[in-house]
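Undergrad: Can you keep this structure in mind? I'll have questions shortly.
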Amino acid sequence: MASLKELLPTPKAAASTFYDHSSDPWFKERYGGESAQSDAAAAAAKPSGPAKPVPPYGKRGGFVPRRPEDFGDGGAFPEIHVAQYPLGMGRRDEKGGSKILALTVDAKGSVAFDAVVKQGENASKIVYSKHSDLVPKIATADSEATADDEEYQKQIEETTERTKAALEKVVNVRLSAAQPKNVPTHDSESKFIKYKPSQQSAAFNSGAKERIIRMSEMAQDPLEPPKFKHKRVPRASGSPPVPVMHSPPRPVTVKDQQDWKIPPCISNWKNPKGYTIPLDKRLAADGRGLQEVQINDNFAKLSEALYVAEQKAREAVQMRSKVQRELQLKEKERKEQELRALAQKARMERTGAPPAPTGVPAGGGRGAVDDREEDMDLEQPREQRRESREEREARIERDRIREERRRERERERRLEARDAAMGKKSKLTRDRDRDVSEKIALGMASTGGAKGGEVMYDQRLFNQDKGMDSGFATDDQYNIYSKGLFTAQPTLSTLYRPKKDGDSDVYGDADEQLEKVMKTDRFKPDKGFSGASERSGKRDRPVEFDKQEENDPFGLDQFLTEVKKGKKAVEKIGSGGAMRASGGSSMRDDYEGGGSGRSRINFERGR
(Lines of atoms letter the chains of each structure in order from A and count residues from 1; the text may use other names and numbers.)
(Lines give C-alpha, C1' and ligand atoms only; values in the text may rest on other atoms or scores of the structure.)
Protein backbone atom coordinates (compact mmCIF):
# COMPACT_ATOMS: atom_id res chain seq x y z
CA MET A 1 0.00 0.00 0.00
CA ALA A 2 2.91 2.37 0.71
CA SER A 3 4.17 2.05 -2.84
CA LEU A 4 0.66 2.73 -4.18
CA LYS A 5 0.29 5.90 -2.08
CA GLU A 6 3.60 7.13 -3.35
CA LEU A 7 2.51 6.63 -6.95
CA LEU A 8 -0.85 8.37 -6.50
CA PRO A 9 -1.03 12.18 -6.63
CA THR A 10 -1.78 14.24 -3.59
CA PRO A 11 -5.55 14.52 -3.01
CA LYS A 12 -6.99 18.00 -3.39
CA ALA A 13 -9.47 17.82 -0.50
CA ALA A 14 -9.11 15.59 2.51
CA ALA A 15 -12.42 14.44 4.01
CA SER A 16 -12.55 14.96 7.76
CA THR A 17 -14.48 12.63 10.04
CA PHE A 18 -16.13 15.48 11.97
CA TYR A 19 -16.90 19.16 11.51
CA ASP A 20 -16.19 21.78 14.16
CA HIS A 21 -18.71 24.60 13.71
CA SER A 22 -17.44 26.61 16.67
CA SER A 23 -14.96 28.41 14.43
CA ASP A 24 -17.61 29.55 11.93
CA PRO A 25 -18.31 33.28 11.68
CA TRP A 26 -22.02 32.85 12.39
CA PHE A 27 -21.23 31.00 15.62
CA LYS A 28 -18.81 33.67 16.81
CA GLU A 29 -21.28 36.46 15.96
CA ARG A 30 -24.25 34.78 17.61
CA TYR A 31 -22.62 33.37 20.75
CA GLY A 32 -19.93 35.94 21.41
CA GLY A 33 -16.95 34.63 19.48
CA GLU A 34 -13.63 33.99 21.23
CA SER A 35 -14.59 35.89 24.37
CA ALA A 36 -17.64 33.72 24.81
CA GLN A 37 -15.54 30.62 24.27
CA SER A 38 -12.99 31.80 26.88
CA ASP A 39 -15.78 32.55 29.32
CA ALA A 40 -17.28 29.15 28.64
CA ALA A 41 -13.90 27.48 29.23
CA ALA A 42 -13.44 29.39 32.48
CA ALA A 43 -16.87 28.41 33.69
CA ALA A 44 -16.41 24.69 32.96
CA ALA A 45 -18.16 23.79 36.17
CA LYS A 46 -21.51 24.94 34.79
CA PRO A 47 -23.85 22.24 33.40
CA SER A 48 -23.97 23.84 29.98
CA GLY A 49 -20.26 23.51 29.24
CA PRO A 50 -18.52 24.62 26.05
CA ALA A 51 -19.94 24.08 22.58
CA LYS A 52 -19.33 20.57 21.31
CA PRO A 53 -18.73 19.88 17.62
CA VAL A 54 -21.56 18.10 15.79
CA PRO A 55 -20.58 14.50 14.89
CA PRO A 56 -20.76 13.58 11.19
CA TYR A 57 -23.71 11.71 9.73
CA GLY A 58 -23.75 8.06 10.74
CA LYS A 59 -21.86 8.59 14.01
CA ARG A 60 -24.46 10.43 16.08
CA GLY A 61 -25.51 7.48 18.21
CA GLY A 62 -24.67 9.01 21.61
CA PHE A 63 -25.16 12.63 20.62
CA VAL A 64 -28.20 14.32 22.21
CA PRO A 65 -28.70 18.00 21.24
CA ARG A 66 -30.03 20.04 24.16
CA ARG A 67 -28.69 23.56 23.69
CA PRO A 68 -29.11 25.85 20.66
CA GLU A 69 -25.33 25.59 20.04
CA ASP A 70 -25.65 21.83 19.45
CA PHE A 71 -27.76 22.33 16.34
CA GLY A 72 -25.17 24.46 14.62
CA ASP A 73 -26.69 26.64 11.91
CA GLY A 74 -29.31 24.04 10.94
CA GLY A 75 -32.46 22.36 12.15
CA ALA A 76 -33.25 19.21 14.05
CA PHE A 77 -31.60 15.86 13.41
CA PRO A 78 -34.20 13.35 12.14
CA GLU A 79 -32.12 10.28 13.01
CA ILE A 80 -31.96 11.25 16.71
CA HIS A 81 -35.27 10.26 18.31
CA VAL A 82 -35.48 12.78 21.13
CA ALA A 83 -37.39 16.04 21.57
CA GLN A 84 -35.39 18.75 19.81
CA TYR A 85 -35.99 22.52 19.82
CA PRO A 86 -33.60 24.24 17.37
CA LEU A 87 -33.45 27.99 18.09
CA GLY A 88 -36.13 27.42 20.72
CA MET A 89 -38.82 26.65 18.13
CA GLY A 90 -41.72 24.60 19.53
CA ARG A 91 -40.65 24.94 23.15
CA ARG A 92 -43.36 25.96 25.54
CA ASP A 93 -42.60 29.03 27.60
CA GLU A 94 -42.19 28.47 31.31
CA LYS A 95 -44.18 31.61 32.06
CA GLY A 96 -47.50 31.77 30.24
CA GLY A 97 -47.93 35.52 30.64
CA SER A 98 -44.51 36.54 29.34
CA LYS A 99 -44.39 39.90 27.55
CA ILE A 100 -40.99 39.40 25.92
CA LEU A 101 -41.12 39.91 22.17
CA ALA A 102 -39.03 38.04 19.67
CA LEU A 103 -36.33 39.96 17.91
CA THR A 104 -37.42 40.81 14.36
CA VAL A 105 -35.64 42.52 11.50
CA ASP A 106 -36.95 44.34 8.43
CA ALA A 107 -36.11 43.84 4.75
CA LYS A 108 -32.74 45.63 5.10
CA GLY A 109 -31.64 43.56 8.09
CA SER A 110 -32.05 46.29 10.71
CA VAL A 111 -33.85 45.55 13.97
CA ALA A 112 -37.55 46.48 13.93
CA PHE A 113 -37.95 48.37 17.23
CA ASP A 114 -41.50 49.44 16.39
CA ALA A 115 -42.71 45.87 17.01
CA VAL A 116 -43.38 46.99 20.60
CA VAL A 117 -46.13 49.39 19.52
CA LYS A 118 -47.54 47.03 16.84
CA GLN A 119 -48.75 44.31 19.15
CA GLY A 120 -52.13 43.68 20.71
CA GLU A 121 -54.95 45.76 19.35
CA ASN A 122 -52.56 47.70 17.06
CA ALA A 123 -51.56 44.55 15.19
CA SER A 124 -54.28 45.11 12.54
CA LYS A 125 -53.77 48.88 12.32
CA ILE A 126 -51.32 51.10 10.52
CA VAL A 127 -48.90 52.58 13.09
CA TYR A 128 -46.68 55.52 12.14
CA SER A 129 -43.58 54.99 14.30
CA LYS A 130 -40.80 56.39 12.12
CA HIS A 131 -39.53 59.88 11.58
CA SER A 132 -40.00 59.46 7.84
CA ASP A 133 -43.75 59.05 8.41
CA LEU A 134 -43.97 62.68 9.59
CA VAL A 135 -41.96 64.14 6.71
CA PRO A 136 -43.89 65.03 3.50
CA LYS A 137 -43.67 62.47 0.74
CA ILE A 138 -41.86 64.75 -1.72
CA ALA A 139 -39.17 65.78 0.77
CA THR A 140 -38.74 62.20 1.89
CA ALA A 141 -38.16 61.04 -1.65
CA ASP A 142 -35.55 63.74 -2.28
CA SER A 143 -33.63 63.04 0.92
CA GLU A 144 -33.63 59.30 0.39
CA ALA A 145 -32.49 59.75 -3.20
CA THR A 146 -29.53 61.88 -2.17
CA ALA A 147 -28.54 59.64 0.74
CA ASP A 148 -28.90 56.24 -0.86
CA ASP A 149 -27.92 57.14 -4.40
CA GLU A 150 -24.48 55.50 -4.30
CA GLU A 151 -25.66 52.39 -2.50
CA TYR A 152 -28.65 52.06 -4.82
CA GLN A 153 -26.45 52.44 -7.91
CA LYS A 154 -24.11 49.77 -6.62
CA GLN A 155 -27.01 47.36 -6.12
CA ILE A 156 -28.22 48.07 -9.65
CA GLU A 157 -24.81 47.27 -11.11
CA GLU A 158 -24.51 44.02 -9.17
CA THR A 159 -27.99 42.93 -10.20
CA THR A 160 -27.23 43.81 -13.81
CA GLU A 161 -24.05 41.74 -13.81
CA ARG A 162 -25.80 38.73 -12.32
CA THR A 163 -28.66 39.00 -14.80
CA LYS A 164 -26.24 39.35 -17.70
CA ALA A 165 -24.27 36.30 -16.64
CA ALA A 166 -27.44 34.23 -16.26
CA LEU A 167 -28.74 35.30 -19.67
CA GLU A 168 -25.40 34.56 -21.35
CA LYS A 169 -25.39 31.12 -19.81
CA VAL A 170 -28.87 30.35 -21.11
CA VAL A 171 -28.06 31.71 -24.57
CA ASN A 172 -24.82 29.75 -24.80
CA VAL A 173 -26.60 26.53 -23.87
CA ARG A 174 -29.26 27.14 -26.53
CA LEU A 175 -26.66 27.95 -29.18
CA SER A 176 -24.53 24.92 -28.38
CA ALA A 177 -27.63 22.70 -28.58
CA ALA A 178 -28.58 24.17 -31.96
CA GLN A 179 -25.04 23.65 -33.32
CA PRO A 180 -24.00 20.01 -32.82
CA LYS A 181 -20.55 20.68 -34.33
CA ASN A 182 -19.62 22.56 -31.18
CA VAL A 183 -18.97 19.60 -28.93
CA PRO A 184 -18.94 20.75 -25.30
CA THR A 185 -15.56 20.34 -23.65
CA HIS A 186 -15.45 18.27 -20.51
CA ASP A 187 -12.85 17.98 -17.87
CA SER A 188 -10.89 14.88 -18.85
CA GLU A 189 -8.95 14.81 -15.61
CA SER A 190 -9.59 11.69 -13.62
CA LYS A 191 -10.51 11.60 -9.96
CA PHE A 192 -9.17 9.12 -7.42
CA ILE A 193 -11.41 8.16 -4.53
CA LYS A 194 -10.24 6.19 -1.51
CA TYR A 195 -12.78 4.39 0.65
CA LYS A 196 -13.03 1.56 3.13
CA PRO A 197 -15.21 -1.38 2.10
CA SER A 198 -17.93 -2.54 4.48
CA GLN A 199 -16.65 -6.13 4.47
CA GLN A 200 -13.31 -6.13 6.30
CA SER A 201 -12.61 -9.85 6.47
CA ALA A 202 -9.68 -11.54 4.76
CA ALA A 203 -12.01 -13.41 2.40
CA PHE A 204 -13.06 -10.22 0.66
CA ASN A 205 -11.07 -7.65 -1.31
CA SER A 206 -7.89 -9.76 -0.98
CA GLY A 207 -7.69 -8.76 2.65
CA ALA A 208 -7.28 -5.05 1.83
CA LYS A 209 -8.53 -2.52 4.40
CA GLU A 210 -8.84 0.36 1.92
CA ARG A 211 -9.55 0.63 -1.78
CA ILE A 212 -8.83 3.34 -4.33
CA ILE A 213 -10.90 3.75 -7.50
CA ARG A 214 -10.36 6.00 -10.49
CA MET A 215 -13.41 7.88 -11.78
CA SER A 216 -13.40 9.54 -15.20
CA GLU A 217 -16.19 10.90 -17.34
CA MET A 218 -17.43 8.66 -20.14
CA ALA A 219 -16.94 9.99 -23.64
CA GLN A 220 -20.14 10.97 -25.48
CA ASP A 221 -20.93 10.56 -29.15
CA PRO A 222 -21.75 14.00 -30.61
CA LEU A 223 -23.94 12.44 -33.34
CA GLU A 224 -25.99 10.34 -30.95
CA PRO A 225 -29.72 11.22 -31.05
CA PRO A 226 -31.28 12.62 -27.89
CA LYS A 227 -32.33 10.06 -25.30
CA PHE A 228 -34.90 12.16 -23.50
CA LYS A 229 -37.91 14.09 -24.71
CA HIS A 230 -38.04 17.74 -23.81
CA LYS A 231 -41.22 18.72 -22.04
CA ARG A 232 -42.62 22.19 -21.64
CA VAL A 233 -42.19 23.53 -18.16
CA PRO A 234 -45.35 25.21 -16.91
CA ARG A 235 -45.13 28.93 -16.66
CA ALA A 236 -44.30 30.23 -13.23
CA SER A 237 -46.85 32.25 -11.36
CA GLY A 238 -46.63 35.96 -11.95
CA SER A 239 -47.08 38.76 -9.52
CA PRO A 240 -49.38 38.15 -6.56
CA PRO A 241 -53.02 39.10 -7.01
CA VAL A 242 -54.07 42.65 -6.33
CA PRO A 243 -55.54 43.03 -2.85
CA VAL A 244 -59.27 43.72 -2.77
CA MET A 245 -60.30 46.57 -0.49
CA HIS A 246 -63.44 45.56 1.41
CA SER A 247 -65.82 47.77 3.26
CA PRO A 248 -65.92 47.45 7.06
CA PRO A 249 -68.01 44.51 8.24
CA ARG A 250 -71.53 45.18 9.48
CA PRO A 251 -74.08 42.90 11.13
CA VAL A 252 -76.57 41.11 8.88
CA THR A 253 -80.12 42.35 9.36
CA VAL A 254 -83.32 40.34 9.12
CA LYS A 255 -84.17 41.98 5.79
CA ASP A 256 -80.82 40.91 4.34
CA GLN A 257 -81.44 37.35 5.47
CA GLN A 258 -84.88 37.35 3.85
CA ASP A 259 -83.48 38.79 0.63
CA TRP A 260 -80.81 36.09 0.50
CA LYS A 261 -83.30 33.31 1.10
CA ILE A 262 -83.68 31.24 -2.07
CA PRO A 263 -87.04 29.49 -2.48
CA PRO A 264 -87.02 25.78 -3.33
CA CYS A 265 -87.16 24.69 -6.94
CA ILE A 266 -90.66 23.96 -8.25
CA SER A 267 -90.79 20.92 -10.49
CA ASN A 268 -93.74 19.43 -12.30
CA TRP A 269 -92.40 15.89 -11.88
CA LYS A 270 -90.54 15.61 -8.56
CA ASN A 271 -91.27 16.81 -5.02
CA PRO A 272 -88.83 14.95 -2.73
CA LYS A 273 -89.37 17.27 0.25
CA GLY A 274 -93.14 17.04 0.04
CA TYR A 275 -93.80 20.78 -0.17
CA THR A 276 -97.36 21.97 -0.70
CA ILE A 277 -97.03 24.50 -3.52
CA PRO A 278 -100.06 26.65 -4.45
CA LEU A 279 -101.27 26.56 -8.01
CA ASP A 280 -100.61 30.25 -8.60
CA LYS A 281 -96.97 29.82 -7.56
CA ARG A 282 -96.63 26.74 -9.73
CA LEU A 283 -98.06 28.56 -12.74
CA ALA A 284 -95.81 31.54 -12.05
CA ALA A 285 -92.77 29.25 -11.90
CA ASP A 286 -93.81 27.68 -15.17
CA GLY A 287 -93.29 30.98 -16.96
CA ARG A 288 -96.18 30.61 -19.36
CA GLY A 289 -97.51 34.11 -18.85
CA LEU A 290 -94.12 35.79 -19.22
CA GLN A 291 -94.06 35.59 -22.98
CA GLU A 292 -96.73 35.81 -25.61
CA VAL A 293 -97.00 32.91 -28.00
CA GLN A 294 -96.74 34.02 -31.59
CA ILE A 295 -97.20 31.56 -34.41
CA ASN A 296 -95.24 32.31 -37.52
CA ASP A 297 -97.18 32.73 -40.74
CA ASN A 298 -94.70 30.50 -42.49
CA PHE A 299 -96.27 27.45 -40.85
CA ALA A 300 -99.57 28.17 -42.60
CA LYS A 301 -97.75 28.85 -45.85
CA LEU A 302 -95.82 25.61 -45.53
CA SER A 303 -98.94 23.55 -44.82
CA GLU A 304 -100.75 25.21 -47.72
CA ALA A 305 -97.83 24.55 -50.06
CA LEU A 306 -97.64 20.93 -48.95
CA TYR A 307 -101.39 20.50 -49.40
CA VAL A 308 -101.35 22.04 -52.88
CA ALA A 309 -98.29 20.00 -53.86
CA GLU A 310 -99.99 16.82 -52.69
CA GLN A 311 -103.12 17.58 -54.72
CA LYS A 312 -101.07 18.36 -57.80
CA ALA A 313 -99.05 15.18 -57.34
CA ARG A 314 -102.26 13.16 -57.00
CA GLU A 315 -103.68 14.73 -60.14
CA ALA A 316 -100.45 14.06 -62.02
CA VAL A 317 -100.42 10.43 -60.89
CA GLN A 318 -104.06 9.98 -61.90
CA MET A 319 -103.43 11.57 -65.28
CA ARG A 320 -100.38 9.40 -65.90
CA SER A 321 -102.25 6.25 -64.92
CA LYS A 322 -105.17 7.24 -67.16
CA VAL A 323 -102.88 7.89 -70.13
CA GLN A 324 -101.06 4.63 -69.47
CA ARG A 325 -104.32 2.69 -69.38
CA GLU A 326 -105.45 4.30 -72.63
CA LEU A 327 -102.16 3.43 -74.29
CA GLN A 328 -102.41 -0.16 -73.07
CA LEU A 329 -105.99 -0.43 -74.37
CA LYS A 330 -104.99 0.97 -77.75
CA GLU A 331 -102.05 -1.41 -77.95
CA LYS A 332 -104.27 -4.33 -77.02
CA GLU A 333 -106.88 -3.36 -79.63
CA ARG A 334 -104.20 -2.98 -82.27
CA LYS A 335 -102.79 -6.44 -81.55
CA GLU A 336 -106.27 -7.97 -81.55
CA GLN A 337 -107.06 -6.36 -84.90
CA GLU A 338 -103.79 -7.65 -86.35
CA LEU A 339 -104.49 -11.17 -85.09
CA ARG A 340 -108.07 -10.97 -86.37
CA ALA A 341 -106.82 -9.87 -89.79
CA LEU A 342 -104.31 -12.72 -89.90
CA ALA A 343 -107.01 -15.21 -88.92
CA GLN A 344 -109.35 -13.84 -91.60
CA LYS A 345 -106.62 -14.15 -94.18
CA ALA A 346 -105.86 -17.73 -93.20
CA ARG A 347 -109.58 -18.57 -93.24
CA MET A 348 -109.92 -17.14 -96.75
CA GLU A 349 -106.97 -19.14 -98.01
CA ARG A 350 -108.35 -22.33 -96.45
CA THR A 351 -111.86 -21.98 -97.90
CA GLY A 352 -110.59 -20.86 -101.30
CA ALA A 353 -112.27 -17.48 -101.22
CA PRO A 354 -111.07 -14.83 -103.63
CA PRO A 355 -108.06 -12.95 -102.32
CA ALA A 356 -108.21 -9.42 -101.04
CA PRO A 357 -107.82 -6.53 -103.45
CA THR A 358 -104.28 -5.56 -104.40
CA GLY A 359 -104.74 -2.03 -103.11
CA VAL A 360 -105.32 -3.36 -99.62
CA PRO A 361 -102.12 -4.47 -97.83
CA ALA A 362 -101.64 -7.89 -96.22
CA GLY A 363 -103.87 -8.50 -93.27
CA GLY A 364 -106.93 -6.73 -94.74
CA GLY A 365 -105.83 -3.24 -93.80
CA ARG A 366 -106.92 -1.10 -90.90
CA GLY A 367 -109.81 0.46 -92.80
CA ALA A 368 -111.36 -2.87 -93.81
CA VAL A 369 -111.10 -4.23 -90.31
CA ASP A 370 -112.76 -1.13 -88.88
CA ASP A 371 -115.63 -1.42 -91.36
CA ARG A 372 -116.25 -5.02 -90.40
CA GLU A 373 -116.15 -4.12 -86.71
CA GLU A 374 -118.74 -1.40 -87.26
CA ASP A 375 -121.01 -3.86 -89.09
CA MET A 376 -120.72 -6.33 -86.22
CA ASP A 377 -121.50 -3.58 -83.68
CA LEU A 378 -124.62 -2.62 -85.62
CA GLU A 379 -125.81 -6.20 -85.80
CA GLN A 380 -125.50 -6.77 -82.03
CA PRO A 381 -128.18 -4.17 -80.97
CA ARG A 382 -130.55 -5.65 -83.54
CA GLU A 383 -130.17 -9.09 -81.97
CA GLN A 384 -130.58 -7.65 -78.45
CA ARG A 385 -133.82 -5.89 -79.41
CA ARG A 386 -135.38 -9.22 -80.27
CA GLU A 387 -137.08 -10.43 -77.02
CA SER A 388 -138.87 -13.74 -76.64
CA ARG A 389 -142.10 -14.28 -74.74
CA GLU A 390 -140.44 -16.01 -71.79
CA GLU A 391 -137.93 -13.19 -71.37
CA ARG A 392 -140.70 -10.59 -71.50
CA GLU A 393 -142.72 -12.42 -68.81
CA ALA A 394 -139.64 -12.75 -66.58
CA ARG A 395 -138.94 -9.04 -66.94
CA ILE A 396 -142.52 -8.12 -66.00
CA GLU A 397 -142.31 -10.40 -62.93
CA ARG A 398 -139.09 -8.77 -61.80
CA ASP A 399 -140.62 -5.30 -62.10
CA ARG A 400 -143.63 -6.39 -60.05
CA ILE A 401 -141.46 -7.81 -57.23
CA ARG A 402 -139.34 -4.64 -57.24
CA GLU A 403 -142.45 -2.46 -56.86
CA GLU A 404 -143.78 -4.59 -53.97
CA ARG A 405 -140.50 -4.31 -52.09
CA ARG A 406 -140.46 -0.55 -52.58
CA ARG A 407 -143.98 -0.21 -51.10
CA GLU A 408 -142.95 -2.44 -48.16
CA ARG A 409 -139.98 -0.24 -47.38
CA GLU A 410 -142.12 2.89 -47.46
CA ARG A 411 -144.63 1.28 -45.06
CA GLU A 412 -141.84 0.30 -42.63
CA ARG A 413 -140.47 3.85 -42.66
CA ARG A 414 -143.91 5.31 -41.90
CA LEU A 415 -144.43 2.86 -38.99
CA GLU A 416 -140.99 3.65 -37.60
CA ALA A 417 -141.63 7.40 -37.73
CA ARG A 418 -145.00 6.97 -35.95
CA ASP A 419 -143.48 4.78 -33.20
CA ALA A 420 -140.65 7.26 -32.68
CA ALA A 421 -143.15 10.09 -32.27
CA MET A 422 -145.15 8.07 -29.70
CA GLY A 423 -142.02 7.05 -27.76
CA LYS A 424 -142.48 3.38 -28.55
CA LYS A 425 -139.59 1.20 -29.59
CA SER A 426 -140.11 -0.23 -33.03
CA LYS A 427 -138.68 -3.40 -34.46
CA LEU A 428 -135.70 -1.51 -35.84
CA THR A 429 -135.03 0.69 -32.82
CA ARG A 430 -135.63 -1.64 -29.87
CA ASP A 431 -132.06 -2.97 -29.85
CA ARG A 432 -130.30 0.38 -30.05
CA ASP A 433 -129.76 0.67 -26.29
CA ARG A 434 -127.84 -2.59 -26.13
CA ASP A 435 -124.16 -2.56 -25.24
CA VAL A 436 -121.63 -2.97 -28.03
CA SER A 437 -120.33 -6.21 -26.51
CA GLU A 438 -123.88 -7.64 -26.44
CA LYS A 439 -124.44 -6.67 -30.05
CA ILE A 440 -121.23 -8.40 -31.07
CA ALA A 441 -122.09 -11.49 -29.03
CA LEU A 442 -125.63 -11.63 -30.49
CA GLY A 443 -124.36 -11.23 -34.02
CA MET A 444 -126.31 -8.04 -34.52
CA ALA A 445 -123.26 -6.25 -35.94
CA SER A 446 -123.29 -8.47 -39.05
CA THR A 447 -125.76 -8.73 -41.89
CA GLY A 448 -126.19 -12.48 -41.54
CA GLY A 449 -127.19 -12.46 -37.86
CA ALA A 450 -130.66 -13.73 -37.00
CA LYS A 451 -132.99 -11.20 -35.42
CA GLY A 452 -135.88 -12.47 -33.34
CA GLY A 453 -138.55 -10.82 -31.30
CA GLU A 454 -138.10 -9.11 -27.97
CA VAL A 455 -138.12 -11.52 -25.01
CA MET A 456 -137.36 -11.30 -21.32
CA TYR A 457 -133.89 -12.71 -21.84
CA ASP A 458 -132.14 -13.70 -25.02
CA GLN A 459 -131.14 -17.34 -25.34
CA ARG A 460 -128.47 -16.43 -27.85
CA LEU A 461 -126.30 -15.13 -25.05
CA PHE A 462 -126.04 -18.64 -23.59
CA ASN A 463 -125.23 -22.16 -24.81
CA GLN A 464 -123.40 -21.05 -27.92
CA ASP A 465 -121.68 -23.78 -29.89
CA LYS A 466 -118.69 -21.54 -30.64
CA GLY A 467 -116.22 -20.54 -28.00
CA MET A 468 -113.06 -21.52 -26.21
CA ASP A 469 -114.78 -24.54 -24.61
CA SER A 470 -116.00 -25.92 -27.92
CA GLY A 471 -112.77 -25.49 -29.86
CA PHE A 472 -113.48 -21.84 -30.76
CA ALA A 473 -114.50 -22.80 -34.29
CA THR A 474 -115.45 -25.74 -36.49
CA ASP A 475 -112.84 -28.18 -37.73
CA ASP A 476 -113.13 -27.18 -41.38
CA GLN A 477 -112.77 -23.46 -40.64
CA TYR A 478 -109.24 -22.11 -40.90
CA ASN A 479 -109.98 -18.48 -40.06
CA ILE A 480 -109.82 -17.50 -36.40
CA TYR A 481 -112.79 -15.15 -36.88
CA SER A 482 -116.13 -16.83 -37.61
CA LYS A 483 -117.89 -13.76 -39.02
CA GLY A 484 -117.17 -10.23 -40.09
CA LEU A 485 -117.24 -7.47 -37.49
CA PHE A 486 -119.15 -4.22 -38.05
CA THR A 487 -120.54 -5.16 -41.46
CA ALA A 488 -124.13 -3.98 -40.98
CA GLN A 489 -124.69 -0.36 -41.90
CA PRO A 490 -127.81 0.13 -39.67
CA THR A 491 -125.96 -1.23 -36.65
CA LEU A 492 -122.94 0.98 -37.34
CA SER A 493 -125.11 4.06 -37.25
CA THR A 494 -126.18 3.12 -33.71
CA LEU A 495 -122.77 2.04 -32.43
CA TYR A 496 -121.31 5.52 -32.88
CA ARG A 497 -124.44 7.37 -31.73
CA PRO A 498 -124.92 8.25 -28.02
CA LYS A 499 -127.81 6.75 -26.12
CA LYS A 500 -131.09 8.53 -26.50
CA ASP A 501 -132.08 8.93 -22.85
CA GLY A 502 -128.59 9.01 -21.26
CA ASP A 503 -127.49 12.33 -19.72
CA SER A 504 -129.67 14.37 -22.07
CA ASP A 505 -130.04 17.10 -19.49
CA VAL A 506 -126.26 17.49 -19.13
CA TYR A 507 -124.95 17.00 -22.65
CA GLY A 508 -128.10 17.71 -24.67
CA ASP A 509 -130.02 15.58 -27.09
CA ALA A 510 -128.33 12.70 -28.92
CA ASP A 511 -129.01 14.29 -32.29
CA GLU A 512 -127.44 17.53 -31.10
CA GLN A 513 -124.35 15.67 -29.84
CA LEU A 514 -123.98 13.78 -33.09
CA GLU A 515 -124.43 16.93 -35.14
CA LYS A 516 -121.85 18.73 -33.00
CA VAL A 517 -119.35 15.90 -33.38
CA MET A 518 -119.91 15.65 -37.12
CA LYS A 519 -119.44 19.39 -37.60
CA THR A 520 -116.23 19.52 -35.57
CA ASP A 521 -113.28 20.08 -37.88
CA ARG A 522 -110.55 19.04 -35.53
CA PHE A 523 -107.93 17.89 -37.97
CA LYS A 524 -108.55 20.53 -40.62
CA PRO A 525 -106.75 23.86 -41.03
CA ASP A 526 -108.45 26.87 -39.52
CA LYS A 527 -108.14 28.83 -42.73
CA GLY A 528 -109.14 27.59 -46.11
CA PHE A 529 -106.67 27.56 -48.98
CA SER A 530 -107.45 28.46 -52.53
CA GLY A 531 -107.25 25.60 -55.00
CA ALA A 532 -107.37 22.90 -52.28
CA SER A 533 -110.64 21.07 -51.63
CA GLU A 534 -111.55 17.98 -49.66
CA ARG A 535 -111.85 15.19 -52.18
CA SER A 536 -112.96 12.44 -49.80
CA GLY A 537 -116.31 12.48 -48.03
CA LYS A 538 -116.98 12.06 -44.34
CA ARG A 539 -116.60 8.57 -42.91
CA ASP A 540 -119.53 7.15 -40.92
CA ARG A 541 -118.12 3.69 -40.29
CA PRO A 542 -114.77 2.05 -39.57
CA VAL A 543 -112.30 1.33 -42.32
CA GLU A 544 -112.94 -2.09 -43.87
CA PHE A 545 -110.49 -4.13 -45.89
CA ASP A 546 -111.74 -6.70 -48.38
CA LYS A 547 -109.70 -9.65 -49.41
CA GLN A 548 -108.54 -9.41 -52.99
CA GLU A 549 -110.29 -12.00 -55.08
CA GLU A 550 -108.88 -13.34 -58.29
CA ASN A 551 -110.99 -12.77 -61.35
CA ASP A 552 -111.91 -16.18 -62.74
CA PRO A 553 -109.06 -18.24 -61.18
CA PHE A 554 -110.17 -21.47 -62.92
CA GLY A 555 -111.13 -19.95 -66.29
CA LEU A 556 -114.82 -20.89 -66.03
CA ASP A 557 -116.06 -17.60 -67.46
CA GLN A 558 -113.88 -17.97 -70.52
CA PHE A 559 -115.01 -21.57 -70.94
CA LEU A 560 -118.70 -20.65 -70.72
CA THR A 561 -118.21 -17.77 -73.14
CA GLU A 562 -116.65 -20.08 -75.69
CA VAL A 563 -119.49 -22.58 -75.26
CA LYS A 564 -122.12 -19.87 -75.70
CA LYS A 565 -120.42 -18.57 -78.83
CA GLY A 566 -120.42 -22.08 -80.28
CA LYS A 567 -117.04 -22.08 -81.90
CA LYS A 568 -116.36 -24.60 -84.63
CA ALA A 569 -113.24 -26.45 -85.66
CA VAL A 570 -112.77 -24.19 -88.67
CA GLU A 571 -112.52 -21.13 -86.42
CA LYS A 572 -109.33 -22.49 -84.85
CA ILE A 573 -107.48 -21.85 -88.06
CA GLY A 574 -104.96 -19.08 -87.53
CA SER A 575 -105.33 -18.95 -83.75
CA GLY A 576 -102.41 -21.31 -83.17
CA GLY A 577 -99.91 -19.24 -85.12
CA ALA A 578 -98.41 -19.58 -88.57
CA MET A 579 -96.31 -22.68 -87.72
CA ARG A 580 -98.44 -25.76 -87.00
CA ALA A 581 -96.40 -28.71 -88.15
CA SER A 582 -96.62 -31.03 -85.15
CA GLY A 583 -97.70 -34.59 -85.81
CA GLY A 584 -99.80 -34.99 -82.68
CA SER A 585 -96.88 -35.38 -80.27
CA SER A 586 -97.16 -31.88 -78.82
CA MET A 587 -97.97 -31.48 -75.14
CA ARG A 588 -100.47 -28.71 -75.92
CA ASP A 589 -102.83 -30.70 -78.14
CA ASP A 590 -105.61 -30.44 -75.59
CA TYR A 591 -105.53 -26.66 -75.65
CA GLU A 592 -107.03 -24.46 -78.26
CA GLY A 593 -104.78 -24.18 -81.26
CA GLY A 594 -102.53 -27.20 -80.52
CA GLY A 595 -99.32 -27.18 -82.56
CA SER A 596 -96.13 -25.79 -81.13
CA GLY A 597 -95.35 -25.54 -77.44
CA ARG A 598 -94.82 -21.81 -77.68
CA SER A 599 -97.04 -19.69 -75.51
CA ARG A 600 -97.33 -16.85 -78.00
CA ILE A 601 -96.05 -15.69 -81.39
CA ASN A 602 -95.74 -11.99 -82.01
CA PHE A 603 -96.59 -10.99 -85.57
CA GLU A 604 -95.31 -7.81 -87.10
CA ARG A 605 -96.89 -5.95 -89.95
CA GLY A 606 -94.95 -6.19 -93.21
CA ARG A 607 -93.12 -3.14 -94.34
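Every residue gets a Cβ built from N, Cα and C, even glycine.
From Swiss-Prot, for reference:
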- 29-77: region 'Disordered' (REGION)
- 178-205: region 'Disordered' (REGION)
- 190-353: region 'SNW' (REGION)
- 217-265: region 'Disordered' (REGION)
- 240-251: compositional bias 'Pro residues' (COMPBIAS)
- 313-349: coiled coil (COILED)
- 327-434: region 'Disordered' (REGION)
- 327-339: compositional bias 'Basic and acidic residues' (COMPBIAS)
- 379-434: compositional bias 'Basic and acidic residues' (COMPBIAS)
- 391-418: coiled coil (COILED)
- 516-607: region 'Disordered' (REGION)
- 516-527: compositional bias 'Basic and acidic residues' (COMPBIAS)
- 535-550: compositional bias 'Basic and acidic residues' (COMPBIAS)
- 562-571: compositional bias 'Basic and acidic residues' (COMPBIAS)
Undergrad: Give the mean pLDDT for the coiled coil (313-349) on the 0 to 100 scale.
TA: 93
Undergrad: With DSSP as the yardstick, break the compositional bias 'Pro residues' (240-251) down into helix, strand and coil residue counts.
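TA: Residue counts in helix, strand and coil order: 0 helix, 0 strand, 12 coil.
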Undergrad: Residue counts in helix (H, G, I), strand (E, B) and coil for the compositional bias 'Basic and acidic residues' (327-339), per DSSP?
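TA: Computed counts for the compositional bias 'Basic and acidic residues' (327-339) are 13 helix, 0 strand, 0 coil.
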